[in-house]
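**Student:** Dropping a structure here in structure tokens format, bear with me for questions.
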Amino acid sequence: MVVSILLGFVGTIVSVVGMKCTKVADQNPVAKSWIAVLGGILFLLAGLCTAGAVSWYASRVTHDFFNPSTPLNAKYEFGPALFVGWSAASLLILGGSFLACSCPKPEDRRGQQYYRQSQPPTTATRELPVKRDNHQCV
């Protein structure tokens with residue numbers, strides 16, 4: 001659980017650096033996006049560590065509860081802390097996956113592309129024939 005807390009703390013710092021609204025590492029937006037992805041991966045790892053620790057403790061509680069040699073006054077049950085831990089792990093995994101999926105697009109990796117300006121559409125320079133009447137109106 002301590003490892004997941006440390007990973008979450010480091011993931012928070014790295015994610016704040018990778019946010020587009022901060023001025024840190026603002027010169028290279030592609031590197032800034034990869035910093036945000038790294039923060040998301042750290043959040044994913046923190047969520048997995050949290051889920052592992054909470055589930056391991058829940059497994060021990062369940063095993064001790066159904067063990068006949070455990071005294072009745074030493075049997076624990078699932079409490080709110082386990083459910084809060086599973087909820088926190090779910091939110092860490094969800095948020096980490098959102099950040100990890102914000103990889104820069106392939107066109108962003110190459111930098112800015114410039115295309116030649118296309119030629120403006122041409123209009124006909126030839127005049128249309130004018131129909132002339134030889135009859136004069138009186």
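Positions of Cβ are set from backbone N, Cα and C atoms, glycine also.
What TrEMBL lists as signal peptide is 1-18. Under the heading transmembrane segment, TrEMBL lists 34-57, 78-100. What TrEMBL lists as region 'Disordered' is 111-138. Summarising the annotation, TrEMBL assigns compositional bias 'Polar residues' to 114-125. What TrEMBL records for 128-138 is compositional bias 'Basic and acidic residues'.
Quick one: how deep are these features, and who are their neighbours?
**Tutor:** Remote same-chain partners of the signal peptide (1-18), defined as residues 6 or more beyond its termini with a Cβ less than 8 Å from a stretch Cβ, comprise 24-25, 32-43, 45-47, 49-50, 53-54, 92, 96, 99.
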**Student:** With Cβ-Cβ distances below 8 Å as the criterion, list the same-chain residues six or more beyond the ends of the transmembrane segment (78-100) that contact it, or say none.
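**Tutor:** Here the qualifying positions are 4, 8, 11, 15, 18, 36-37, 39-48, 50-51, 53-55, 57-58, 61.
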